[in-house]
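Per TrEMBL, the features are:
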ACT_SITE  Lys192  active site, proton acceptor
ACT_SITE  Glu199  active site, proton donor
BINDING   Gly17, Leu18, Ala19, Val20, Met21, Gly22, Asn40, Arg41, Thr42, Val84, Lys85, Ala86, Asn112  NADP(+) binding site
BINDING   Asn112, Ser138, Gly139, Gly140, His195, Asn196, Tyr200, Lys271, Arg298, Arg465, His471  substrate binding site
DOMAIN    188-487  domain '6-phosphogluconate dehydrogenase C-terminal'
Amino acid sequence: MEGAATAQALSRIGLAGLAVMGQNLALNIAEKGFPISVYNRTTSKVDETLDRAQREGQLPLTGQYNPRDFVLSIQRPRSVIILVKAGAPVDQTIAALAEHMEPGDTIIDGGNEWYENTERRIGEASSKGLLYLGMGVSGGEDGARNGPSLMPGGSHGAYMNIKDILEKVAAQVEDGPCVTYIGEGGSGNFVKMVHNGIEYGDMQLISEAYDVLKNAGGLSNSELADIFAEWNRGELESFLVEITADIFNVKDEKTGSGELVDKILDKTGMKGTGKWTVQQAAELSIAAPTIAASLDSRYMSGLKEEREDAARIFKKEGLKEEINFDVNGSSVDKKRLIDDVRQALYASKICSYAQGMNLLRAKSAEKGWNLNLGEMARIWKGGCIIRAVFLDRIKKAYQRNPGLANLMVDPEFAREMVQRQAAWRRVVGLAIQRGISVPGMSASLQYFDTYRRSRLPANLVQAQRDYFGAHTYERVDMPGAYHTEWSKLARKARV
């Protein structure tokens, strides 16, 4: 199997970078009937993948041990997927492979790459006559092996070369495979970045639902497991709600007592895509408070020692961690609380997805990508981490009205927001009374309340800006820009 392959046995596609994601995607491609060559700088990974290909069904997978043999083992025009760590390793891998590639060949980067790096590489590849795709891959290790959601952007010709492979390898849902050509440039990476931002929001909102149910409702882990399992049979049906139910059921095997979730340190890790999403929202003047709140919560979780010190200091001043400022001092109706939290979680999630979609639309307009938001929702219905039943309804909302200003004002979603807003307010209100932080749910509620009001107190802010900086303001009753000598008029008014 080693060495340059003979002309008769050329592979249909190649994959370089055999960490678990790379191995799994390569095995998925081979399993779908496409002969594949694989390569990794550390050769033991090549052997490991060959071994798995044998064990998992004698799959048509060939291992190569240097860049030249790897490239030459693939039929022309060659398509090579690379799955290595974002940044410099991608450039190093491209340089090693491009040396042996020919005009018309394609490189596909499947990592979580910053979209501008992909745009730079498209230019560099093009100068050598090579085609380039930056492809978001979502679904984790399991998705890579059994069907991920794929978000390829860049050269349309490169996409057409491997469209048949991607459509077989992607997750399959009732309206087709979870892949589509996203658009030009770094659009595929950008869409994956926003997907991850929405994922941050989703996870934060679920953790807040857990916090309220546990600390205001007094629910046990086994009750929580049942509730999330039940929610997963209704409107909240999704991968994240499903795995949350599983998590509450897992016992701690190390000590043999209690559930593992209670033994996990409350410090959240992150790779950076959530931060990029919030930075891009700010650059484009798009409000994304739910996603931003989830990012801030991860930062705050990292201050574990500071939070423990603060809890002691405030306790000394008479403020316990578990507080209750409920004026009626009433006990919580568990059944009602569970239903309220379900509704609050659903309404908050709509806000998070609305923010993500608005960010995609704004970037698409800036870059001329012509993104189809309904298609984005469709390819997220299967394979990916944020897959959820209600994505089908998001798809239909954008099909009904491609120019929809905000997901919340689609007639169906607007009705649901109105029906759930009383429960939503009760949950956020209860959390505030109990001193339970719900930054995601409250940011979502503030987003909804700000967006639905035809008049905001921004008139006062404009007056202040004009007062100290002569920034001018507009009036509601006549056109034009106005400046007022505020201090002079205020002095006159005091006389």
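Backbone N, Cα and C define each Cβ position, glycine as well.
Each of the listed features needs to be described in terms of its position in the shown structure.
The local packing around Lys192 (active site, proton acceptor), expressed as other Cβ atoms within 10 Å of its Cβ over all shown chains, amounts to 28.
In sequence order, Leu240, Ile385, Ile386 are the residues of the chain that are 6 or more apart from Glu199 (active site, proton donor) and have a CB within less than 8 Å of its CB.
The Cβ of Tyr200 (substrate binding site) lies under 8 Å from the Cβ of Met270, Gly274, Thr277, Ile291, Ser294, Leu295, Arg298, each of these being in the same chain and 6 or more residues away along the sequence.
Here the domain '6-phosphogluconate dehydrogenase C-terminal' (188-487) returns a mean pLDDT of 94 for the predicted model.
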If I take the alpha carbons of His195 (substrate binding site) and Gly17 (NADP(+) binding site), what is the distance between them in whole Å?
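It is 23 Å, counting Cα to Cα.
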Check each residue in the chain of Lys85 (NADP(+) binding site) that is at least six apart in sequence and keep those whose C-beta is under 8 Å from its C-beta; list them in sequence order.
Gly111
Quick one: Cα separation, Thr42 (NADP(+) binding site) versus His471 (substrate binding site), in Å?
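Rounded to a whole number, the Cα-Cα distance is 60 Å.
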Among Gly17, Leu18, Ala19, Val20, Met21, Gly22, Asn40, Arg41, Thr42, Val84, Lys85, Ala86, Asn112, listed as contacts of NADP(+), what is the widest Cα spread in Å, to the nearest whole number?
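Per the listed residues, the maximum Cα distance equals 21 Å.
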Going by Cα-Cα distance, which of the binding-site residues (Gly17, Ala19, Gly139) sits nearest to Lys192 (active site, proton acceptor)?
Gly139
If you measure every Cα to Cα distance among Asn112, Ser138, Gly139, Gly140, His195, Asn196, Tyr200, Lys271, Arg298, Arg465, His471, the residues said to bind substrate, what is the biggest one in Å?
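Among the residues the record ties to substrate, max Cα distance equals 49 Å.
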Which one of these binding-site residues, Asn40, Thr42, Asn112, has the sparsest Cβ neighbourhood, judged by other Cβ atoms within 10 angstroms?
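Result for the binding-site residues Asn40, Thr42, Asn112: minimum number of other Cβ atoms within 10 Å at Thr42.
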Near His471 (substrate binding site), which residues of its own chain have a C-beta under 8 A away, given they sit six or more steps off in sequence?
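Sequence-distant Cβ neighbours: Gln462, Arg465.
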